[in-house]
Structure formats: C-alpha cells, structure tokens
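J.: So that we are looking at the same thing, I have put the structure below in structure tokens.
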Amino acid sequence: MSKIIAINAGSSSLKFKLFEMSTEQVLAQGLFDRIGLAEGEIKIKYGVGEKFETREEIKNHSYAVKRLLELLLDLEIIHEFSEIKGVGHRVVAGGEYFKRSVAIDSKVIKKINSLAEYAPIHNPANLMGIKAFKKILPTAAAVAVFDTSFHQTMPKENYIFSVPYEWYQKYGVRRYGAHGTSHRYVADVAAKILNRPLEKLKLISCHLGAGASICAIKNGKSFDTSMGFTPLTGITMATRSGDADVAMLSFMMQKLDMHSMPEAIYDLNKKSGLLGISGVSSDMRDVMAKSSTNPRAKLAVDIFVKDIVKYIGSYTAEMGGVDGIIFTAGIGENSAEIRSEVLKKLSYMGIMVDEESNAVRGENIVISTEDSKVKALVIPTNEELMIARDVAKIMTKKNVKSAKLV
Ligand code: ADP
C-alpha cells in the first residue's frame, strides 16, 4: 500500500488530495482555508460520502499541515504518518529551468525561490507548503510539479514576444503559459479514449474555468498556448481581460487618475472578463442565466465563445490540422451550451456535435458524431492525480527518499 498526497498551497489556503496509488483511489480530499486569519475553515471529504468540517484558527501553513496529518489519523484515513510515502507539490512558476517535475532538494528550493519574481504571490506560498511538509514528514519523497513545465516544449516562434529581444535575454520575458498539468492530463486521457498514440495526435485542449487557457498539443507536446508571461492573456476569463492592447492602460490611467501601473493592471486582472463586460457576475452560470434579458450578459457569453473559436482556428492553422478538441474545467466540463455554441461555429472544419452525448455530465466522453472529421471530447481534469502520478514515477525512477533541505 503506497499513499501519495497532492498539495496545492496558496497564500491563505492549502488544498490536498490523498491517493492510494496502487488503485489511484482518492482516500480523502479537502481544503484548509483562511490560513493566518482570525477564523480558518477546514473541510475534508473521505470514505463513502463522509465529511468533516470545522472552523478554527489556522495560524500558518506549518500548523495547517500538522493539523491535516492529525486529522487524517483521527478520522482513521491513515494509521500512521509513515504510510504517506510521497508528497507532490504544485508550483506555479518553473521558468525555463524546470522542464519537468523534480524531486525537491535544497537546490530546487532555492531555484523556486529565485523564480518568485515571475509569480510573486504563488511561488512563496508553494514554498511554505513544501517546507511545512518536509518538517513534519521528513522521510516522505517530495516532488515539485510545475504549471509551466509542460509548455517548455513550445517552439521559439511561439514563446518569444515581438518586443526587444533583450527583454527575453536579460529578464526572461517570454510566454510561459499555465494550466500545464491539466492540459497534460486531458491530452493523455484523450489519446486513450481515441485509442491512438498521443505522439501521433494534434489536439487542442480548452481549460475553461475561472482562469481559462487554450493549448495546442502536437504529438503529445505543448506547441502553443494562450496564456503568456502571466496568466492575464489569452481568452476572456471570469475577471481577467485576456488579450488586450497594453497602450490603452496609459490612456485609462490618465482618465481614471490612476497613479501606478499595478493599479491599472489590477483592473485588467480583477474587474475585466465576464464581470467587466456583463456587469452581472464573474460566474458563468450567473452570466448565462441573465443572457436572454441583459444584452451585456449576452455580449460577455458571445465574446467568451468567439475567443475560444478564434484560438481553436488559429491553433488548427499553426499545427496544420487537428484531430481532437478537448473541453475541461468548470465551464468546459459542465456547460453543454457553451460547448455546443463553440462547436457549431467550427462546423466548417467538419466537426459535428452529437447533442445527446453532449448533454451527459461529468464523464470522459466523445461528444462528436461517429462520422465527425474532428473529434470533440469532454474530459474532467484531474491535476492532483497527475501530480501524484509524477511523484510515483519519480520515486520509482530515482528511488527518492528523504531530500535534505537547508
Ligand atoms: P477555477 O478552478 O479556475 O477556480 P473552475 O474550474 O472551478 O474554476 O470553474 C469555475 C467556473 O465554472 C465558474 O465560472 C462557473 O460558473 C463555471 N461553471 C460551473 N458549472 C457550470 C455550468 N453548469 N454552466 C456554466 N458554467 C459553469
């Protein structure tokens, strides 16, 4: 029996999923929220529909990890800490240095720290999670899985921006992309469903959550992706603008009497996207519910659909064709309507939707007709499972045990 835990540590939260790796069964999953604030929140789901929920102060990440492990014992999910053989940590920015998941040692820690300038909120939080686990589970293998590493295979013409080249050479300004673990997971599953080798497929993965990105996956490798240097670019998102003309910011800074660039960028990150266009909500369900009566809500949905169609069209052209289009994450997995709208606009490619299959929820499923030239699929993402699989792979390959931290 080998148990692996996947960890996603944010600045004030820690999410986890504990797997029994021999069967990939989820033993428990949950969230420690509002870390460092007066009233923290702990939610754990385990067993057959069992739940544990409480509110209490969670001082810091170390305390959250200690409490999590104690609760796993108390709830009899594990019987001793040593049953957890590996810990996989999601890390947001891996820069150009981390091209794949790695066993964590002191050098890796230093590097993740030095990459914090690319993800100032996330990387330090990820490191807090790493250090907290290392203290409490010193003998478990620790592995870092980067959101960016899948995209390190992009050809140069797809990651270099059309700006002074020195910006890249001196400061590392380039397209890094995001959601890599999700795109990698759904591409693997798609190849299995289509019963074709991943290395021979041209896929376009649409990760449509609050944050959203599209990825062209050619022969199993990320070929191009819509998120850029930061996760602000690409398609319209819940509150993020997606692609925007940066010169409008200096114009708007004058109009709105803003004094700093971060203040202006805040509006592109937090007040734009579905929320900014519709004025209704950042949540796609609310926006769709109002779209028959509120023209701005309808416009927000129309722009969202148009952006997806535009990226799929351009990625198909870049790859010289496409075999399958994958929908995943909150909107991609749950909204038959958005999928149908997108795919209808792509009928010129020979895609035909099977509306009966499209109506099914929460499964790995092909939603195009038998004779559709390009296949369309819905694949619920599972970034945590991908993280746990990477840990298992690295443990077997390198026989990683305890990596010493300084
Ligand atoms: P993230 O992980 O990026 O926070 P999720 O992947 O959970 O986001 O997706 C959240 C989005 O999914 C929200 O905009 C929500 O409205 C949308 N969503 C969930 N269910 C549906 C649905 N049935 N129809 C349309 N949108 C949905």
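Cβ atoms are placed via backbone N, Cα and C, with glycine included.
The following feature annotations were taken from TrEMBL:
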ACT_SITE  Asp147  active site, proton donor/acceptor
BINDING   Asn8, Glu383  Mg(2+) binding site
BINDING   Lys15, His207, Leu208, Gly209, Ala210, Gly211, Asp283, Met284, Arg285, Gly330, Ile331, Gly332, Glu333, Asn334  ATP binding site
BINDING   Arg90  substrate binding site
SITE      His179  site 'Transition state stabilizer'
SITE      Arg240  site 'Transition state stabilizer'
J.: Since the record lists Lys15, Arg90, His179, Arg240, Arg285 as recorded positions, which of them has the fewest other Cβ atoms within 10 Å of its Cβ?
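T.: Sparsest of the recorded positions Lys15, Arg90, His179, Arg240, Arg285 by Cβ contacts within 10 Å: Arg285.
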J.: Calculate the distance in Å between the alpha carbons (Cα) of Ala210 (ATP binding site) and the residue listed as 'substrate binding site', and round it to a whole number.
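T.: So the alpha carbons of Ala210 (ATP binding site) and the residue listed as 'substrate binding site' sit roughly 18 Å from each other.
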J.: Around ligand 1, within a Cβ distance of under 6 Å, which of the binding-site residues Leu208, Ile331, Glu383 show up?
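T.: Listed by sequence, the hits are Ile331.
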J.: So among Lys15, Leu208, Asp283, Arg285, all listed as binding-site residues, which is physically nearest to Glu383 (Mg(2+) binding site)? Use the C-alpha atoms.
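T.: In terms of Cα distance, Glu383 (Mg(2+) binding site) lies closest to Lys15.
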J.: Around Arg90 (substrate binding site), which of the listed recorded positions (Asn8, Asp147, His179, Leu208, Arg285, Glu333) come within 10 Å, judging by Cα atoms?
T.: Asn8, Asp147
J.: Please work out which residue of Asp283, Glu333, Glu383 has the most C-beta neighbours within 10 angstroms of its C-beta, and give that one of the binding-site residues.
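T.: When each Cβ's neighbours within 10 Å are tallied, Glu383 leads.
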J.: Comparing the binding-site residues Leu208, Ala210, which residue's C-beta has the most other C-beta atoms within 10 angstroms in this structure?
T.: Leu208
